[in-house]
Amino acid sequence: MVSVALLAQQIVNGLLFGGQLALIAVGLTLIWGVARVLNFGHGAMFMVGGFVGFFTLGATGSLVAAVIAAGIVVFALGYVTEVVLIRPLRDREEFGIPSMVVTLGLAFFLENAFIVWIGTQRQSFPRFTDVIWNVAGITLSAQRVLIFVISLVALGLLFVVISRTELGLAIRAVSQDHDTALLMGVRPNRVYAITFGISAALAGLAGVLLAPLFAVYPSVGWYPFLLSFVVVMVGGLGSVRGTLLAAMGLAVVRSISIIWVSSQMAMVILFAIMIVVLVAYPDGIGGYLE
Amino acid sequence: MTVLETLRSGIARTGDRLVEDARSRNGIVFAVLALLALLAPQLVGGYTLDLLTQLIIAILVVTSWIFIAGYFGMFSFAHAALYGIGAYATALLAGKAGVHPVLAVLLGGVVAGIFAIPIALPVLRLSGAYVGMATLAFAEIVYRLAIHFRGLTGGPTGYTGFPPLLGGSRLALYYFVFALVVVLLVVQYGLLVNRFGLVARAIREAPDAARMLGNNVPRYKLVGFVVGSAIAGVAGGLQIYTVLIISPPMIEVNRMIEFMAMGIIGGLRTIGGGIFGAVIVFGLNEGLRDLGELRLVIWGAMLILVTIYFPDGLADSSLDPRDRLRELLNRE
Amino acid sequence: MNLIELDGVDAGYGENQVLHDLSATIAEDRVNCVIGPNGSGKSTMMKSILGMVDVWDGTITIRGEDVTNDHPREVLERGVVMLPQGGSVFPDMTVKENLRMGGYLIDDDLLDRQYEEVYDMFPVLEEKRAQRAGDLSGGQQMMVAFGRAMMPDPDILLLDEPSAGLAPHLVDDVFEQIAALKERGRDMLIIEQNVRRVLEIAEYVYVLDQGRLEYEGDTESLRNEDDIMEMYIGERHG
């Protein structure tokens, strides 16, 4: 019999993890919603963010600098990826699959390039803080709470940019109707590249924030990618609201199932949920909510 | 028309097309390759022969993936997993149930075909990138279950307790693999040059039109997916007799990416593209083994470049630089 | 002064040439229309002005400035605005956001004045400004599209088959809008299938066939051209 305390603890852990997961997944859903690209390189962006943070921290000793550098470098990487790899495919009759393949190729390329350059060993990343709180019998690491809060702030900023700024207006216009946006004077190519940059930067930011938990190594991005992949499928590709809900829900499912089964089997459960949702509601729970 | 007549005319057509295709540029290349493959054991032995065996098996995996992804347009990520299911089934049938190894290989194909059904059914309802997503989830489930059920599969370290095929002779194994792969390639080719292949391409290019012409589109797709997966399962069985172990790395997503890269680099539109791509990527992997991961960097880059600049793959594009230049300029 | 000039324009998609050596001059201070059978290149002509289709040969100028193959943005900045077929409002944006998109390139202080201008023309849009455009009725969506096109206060408005695919009562609405715009002295270039209706409004007519200009002249003179009238408009004079 599972104690109520353990269950409560796992639910709290799940919610905290859900916030981090949302940060990774929202970039994936954003770039699909705007540019119809399923970015298999999203995990590689996460990985590059972790490394940029790691090196910046080593050089400057400042965590803030590490976070900022990761965001900027990975934004640039995403921007260039869109211009060089995705744009040449855009006029193709069939766009979804080639764009999936080139981003998969990019992920593979980057992962192995980092192995050649740095090796496969894990670089450990210092914790931001070691403080542990105890609230009503539930253990809370200040580290995880801090990461959760930063994730929420980043997501909130993204929301403000999308809903309140001129850039956000252009992004929404392009995602709803590319040709009409063009007629309004928007430059869709630039919007795609910037959106790809923002999406990548969110992954890069997550890469640094989660580095103390995941460590930093060339294939670190694959697992968060798979998790966020499940999240966006369940939440509905392109639906930010669905993605946030799915991130929280699935993270809680995962941390509760870990009470009984291995983390491998927890992933099996998540993937099975994803297939069922994909078949029952191809637009995800986000589409179902609308 | 009776079944027998249909079969006879299908075989006749396959023969005609084979003779026709053999005269093309690629046809001549493949004929020479096949001849070389037949003579290879006279020239090389030991480890090199094992590698050639593995290359021939890879060709079978890639062509059967092209069967599904190239002809029907169902871009499956589940192929390496189904190849792995065939491999596990063969190993367990031969090792634990005492089935004759040759029979175990064929049954491995059947088992893979059966396991393909639960993912093929959802795939029938999806299209484009969504097929990739669902099949990737399936592949990840298979990979994790293979690790989890260690009592059955040997878990992360794998399983080796099965007897060798044909008494363990490398030479005999090589010719057995060669013969079986040639037969299965001709079967796939035969299906694709006949009505089945025509409908498959119609489904890829215009599913609604294919439906309106009275074809049972879901049934064709289901049969295509299951047949292609069963062939991959046979390849999995052959592979374990070559490497003498079955373990989870054989079916992880990186293997899938490798098969995919072979298909895409060679070209998804023909069986020949798969042969071409398998030779290139496999050759690169083995030829540059000393470079370590750098070779993966190289074919990762190739995967990107081919997708952007040779959308139909290398086997079916003109490799004359002047043609390439013209095409690039026209696109601007 | 001539507002837009096409000079020997060849244009098309991929290998498929649609416009053949098309020359036309669109003068200021009048309402123009382009008519012609399906596939005659009317839409392509409009898109070539906007820079939305490749011009292979020839030049397009706006007030003497070459805009051939320029980004639509450059054309827009020269006061040429297009209202796409069917209106194409952004369904998931509010009415006000749609208008804001219309004024995407204009200054903020001008923006406020233009909102007023558009709300003055379509009072219902002010009322519904916070609603999702996709939730409005078809007629109100057409108003959003017209209002959005008026936001940059264009020198000339290009209308791409404004009545295509609309229910009959909406067709009346649309032609009322066009007449109202003419009343306010707005220059327009209208592509229409509904020739009878558009000729009631247009002052100058271009007839296109197979990507070539077959006739141009003011509406009154056109009515005396029996051959043209019979061939393209299906009417015999008198």
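Each Cβ is built from the backbone N, Cα and C atoms, and glycine gets one as well.
Nobody curates TrEMBL annotations by hand; they come from automatic prediction.
Copied over from TrEMBL, here are the features:
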- A:12-33: transmembrane segment (TRANSMEM)
- A:40-57: transmembrane segment (TRANSMEM)
- A:63-85: transmembrane segment (TRANSMEM)
- A:97-119: transmembrane segment (TRANSMEM)
- A:131-162: transmembrane segment (TRANSMEM)
- A:191-216: transmembrane segment (TRANSMEM)
- A:222-246: transmembrane segment (TRANSMEM)
- A:258-281: transmembrane segment (TRANSMEM)
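The transmembrane segment (A:131-162) makes no contact with the transmembrane segment (A:97-119): fewer than 3 of their CB pairs lie within 8 A, with pairs spaced 6 or more apart in sequence. Long-range contacts of the transmembrane segment (A:40-57) within its own chain (CB-CB distance under 8 A, at least 6 residues past either end) are made by residues 24, 27-28, 63, 65-67, 69-71, 73-74, 77-78, 81, 100, 103-104, 106-107, 110-111, 114, 118, 123, 125-126, 199-200, 203-208, 210-211, 214, 216-226, 228.
Tertiary proximity for the transmembrane segment (A:258-281) is limited to same-chain residues at least six positions away from its ends with a CB under 8 Å from its CB atoms, namely 2, 6-7, 10, 226-227, 230, 233-234, 236, 250, 287-288.
Counting Cβ pairs under 8 Å to the transmembrane segment (A:222-246), the top-ranked stretch among A:12-33, A:97-119, A:191-216 is A:12-33. Distant neighbours of the transmembrane segment (A:191-216): 20, 23-24, 26-28, 30-31, 34-35, 37, 39, 42-43, 45-54, 66-67, 70-79, 81-83, 86-87, 122-128, 143, 147, 150-151, 154, 158, 161, 167, 170-171, 174, 181, 223-224; these residues of the same chain sit at least 6 beyond its ends, with a Cβ under 8 Å from one of its Cβ atoms. Cβ atoms under 8 Å from those of the transmembrane segment (A:12-33) belong to residues 39, 42, 45-46, 138, 140, 144-145, 147-148, 151-152, 154-155, 158, 175, 195-196, 198-203, 205-206, 209-210, 224-225, 227-229, 231-232, 235-240, 242-244, 246-256 of the same chain, restricted to positions at least 6 beyond its ends.
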